[in-house]
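Chemist: Take a look at what Swiss-Prot says about it:
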DOMAIN    1-142  domain 'RNase H type-1'
BINDING   D9, E47, D70  Mg(2+) 1 binding site
BINDING   D9, D134  Mg(2+) 2 binding site
Amino acid sequence: MNKIIIYTDGGCRGNPGIGGWGVWLKYGDYDKKLQGVQQDTTNNQMELTATIKALEVIKSNDIAIDLFTDSKYVITGISEWIKNWKAKGWKTANKKPVKNIDLWQRLDVLNNQHNVTWHWVKGHSGDKGNDMADALANLAMDKIST
């Protein structure tokens with residue numbers, strides 16, 4: 001069975017500040033690069049946006065996806081926190097509204113539509129896919145900050 005391999009990264013210059021996200025998708029010999037930029041955003045918003053944009057371009061729901069991110073916020077959120085947030089009406093353990101709720105809700109829908117296995121990868125560790133996603137995010141930020 002073929003798998004789609006996805007690497008995502010998000011970054012921010014200032015927090016909040018100018019942010020960018022990058023995605024590198026691989027499926028067999030095919031690869032696709034995506035990137036985007038946003039003003040007045042946060043690093044966590046860009047990390048979430050990268051994963052959302054990656055999953056939005058996948059049209060088939062029956063292909064396994066390995067998604068790699070260096071964001072522990074995204075990994076822990078999607079694999080642990082989100083179940084409790086939903087059970088508590090999108091509130092945290094402290095009964096406060098979940099930050100970035102719009103992004104988390106969109107990611108939750110996409111995650112449930114696809115067969116995603118989530119992987120954490122250490123950032124800036126020489127991982128080719130993570131380095132590519134990071135470079136795409138930085139190129140996006142370069143476009144707006146120059």
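From the backbone N, Cα and C atoms, a Cβ is placed for every residue, glycine too.
Remember, it's a predicted structure, so these values are computed and weren't measured experimentally.
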Chemist: Can you work out the mean pLDDT of the predicted model over the domain 'RNase H type-1' (1-142)?
Modeler: 96
Chemist: Count the residues of the domain 'RNase H type-1' (1-142) that DSSP assigns to helix (H, G, I), to strand (E, B) and to coil, and report the three numbers in that order.
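Modeler: Counting residues by DSSP class gives 58 helix, 49 strand, 35 coil.
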Chemist: Within 8 Å of the centroid of the Cβ atoms of D9, E47, D70, which other residues of that chain place their own Cβ, given that this set defines the recorded Mg(2+) 1 site?
Modeler: T8, G10, G11, M46, A50, T69, S71, V74, G123, N130, A133, D134, A137
Chemist: Provide, as an integer number of angstrom, the distance between the C-alpha atoms of E47 (Mg(2+) 1 binding site) and D134 (Mg(2+) 2 binding site).
Modeler: 11
Chemist: For the binding-site residues E47, D70, D134, which Cβ has the most other Cβ atoms within 10 Å, all shown protein chains included?
Modeler: E47
Chemist: Using all protein chains in view, find how many other C-beta atoms are within 10 Å of the C-beta of D9 (Mg(2+) 1 binding site).
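Modeler: There are 30 of them.
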Chemist: Determine, to the nearest whole angstrom, how far the Cα atom of D9 (Mg(2+) 1 binding site) is from the Cα atom of D134 (Mg(2+) 2 binding site).
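Modeler: A Cα-Cα distance of 5 Å.
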